[in-house]
Amino acid sequence: MAEASPQPGRYFCHCCSVEIVPRLPDYICPRCESGFIEELPEETRNTENGSAPSTAPTDQNRQPFENVDQHLFTLPQGYSQFAFGIFDDSFEIPTFPPGAQADDGRDPESRREREHQSRHRYGARQPRARLTARRATGRHEGVPTLEGIIQQLVNGIISPAAVPSLGLGPWGVLHSNPMDYAWGANGLDTIITQLLNQFENTGPPPADKEKIQALPTVPVTEEHVGSGLECPVCKEDYALGESVRQLPCNHLFHDSCIVPWLEQHDSCPVCRKSLTGQNTATNPPGLTGVGFSSSSSSSSSSSPSNENATSNS
C-alpha cells in the first residue's frame, strides 16, 4: 500500500508578510513566487486534524493595497520620506493573517520573537508602517481614522515645520513666494486692483492754479459744430456759441471737464502736453521713436479753433 505524501509544513513569506503553504518542489511563495520564505516551528501546527490551516487568500486576509500598482503611489523626490514619516510607530494598520479569526489567542510573544529572528537573519529592512493583527470587533486606540490621516497630510503640506528635510522650501512644489500666485475666484481681481493702486499716484504733478485760470475761453463756432467736434472728456458735442476752454495745444474742453483734470495732472488728456508745452507722454518699451497718430489727428481736428482764435484776435 502506497504511503501518502508528507504534508508540507507551515512557512512565512517575508515579501507578503503572511503564512503560506509553499509551492512544491521549488518551495516558493504561491502568491509572489519568491523564495524569501521561512519554515515555522511545529508547535503551532494544528494537531486536531493533522493538516495545515487553510491559507487560501480571502478578502479579510489580503494585505491593504495588495493588488494596486505601486507606481500609482510614486511621489516626487523627497516626498516619500515625508509621507512615510507621517505614519510613525503610533500608526498601525489592522490586518488579519491566516487563522487569526479562529485563533486570536495565539501567543504574541512567539510572533514577535519570530519577526525579530527574521530581521536579524535577513537584515533589517527600511522602516515602514507596522502591520499587526487586531480583533475584528472594535477599533484600537492607536489606529487613526481616515479623517485624521488626511488632516495629518494637509498639516504636513501647509505647515513649514512639518517638512524640514525635503529641501523644497516651506511650500513644497511652489518654487516661489505663494503670494505671487492668484488664489481663489477673486485672486486675479485682487492683483489688478493692486496694480491700479500702484499707478494711481503716478504721472505728471498738478498744474499751477495761475496757469489754469489763465487759460483762454473761446466760443464754439459754426465751423466747430460742422466738423462734429466734441469734448474729449465727456464726449458731448459742442453747441453753437458755447464757451469752452482752450489749452496751449489748441484742444478744446468744457470748463467743468478740464479744470478738475488739470488740478490733478498738468497734461492735456488728448496729447499729454503740459500747459508749458512739454510732452509728458512716455512711449512703451520697444516703441522708441514711434509717434502717436492720435495726437496729430486730434491736433488737426482742432485746427479750426486755432484759425478761429486767430481771426478773432
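Yeah, the Cβs are placed from backbone N, Cα and C, and that goes for glycine too.
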189-230, 231-272 - the range that Swiss-Prot marks as zinc finger: 231-272
Binding-site residues: CYS13, CYS16, CYS29, CYS32 - member with fewest neighbouring CB atoms within 10 Å: CYS32
Beyond the site residues CYS13, CYS16, CYS29, CYS32: chain residues whose C-beta lies within 8 Å of the centroid, for Zn(2+): HIS14, CYS15, VAL18, ILE20, PRO30, ARG31, GLU33, SER34, PHE36, ILE37
Conformational class of CYS13 (Zn(2+) binding site) under the three-state DSSP mapping: strand
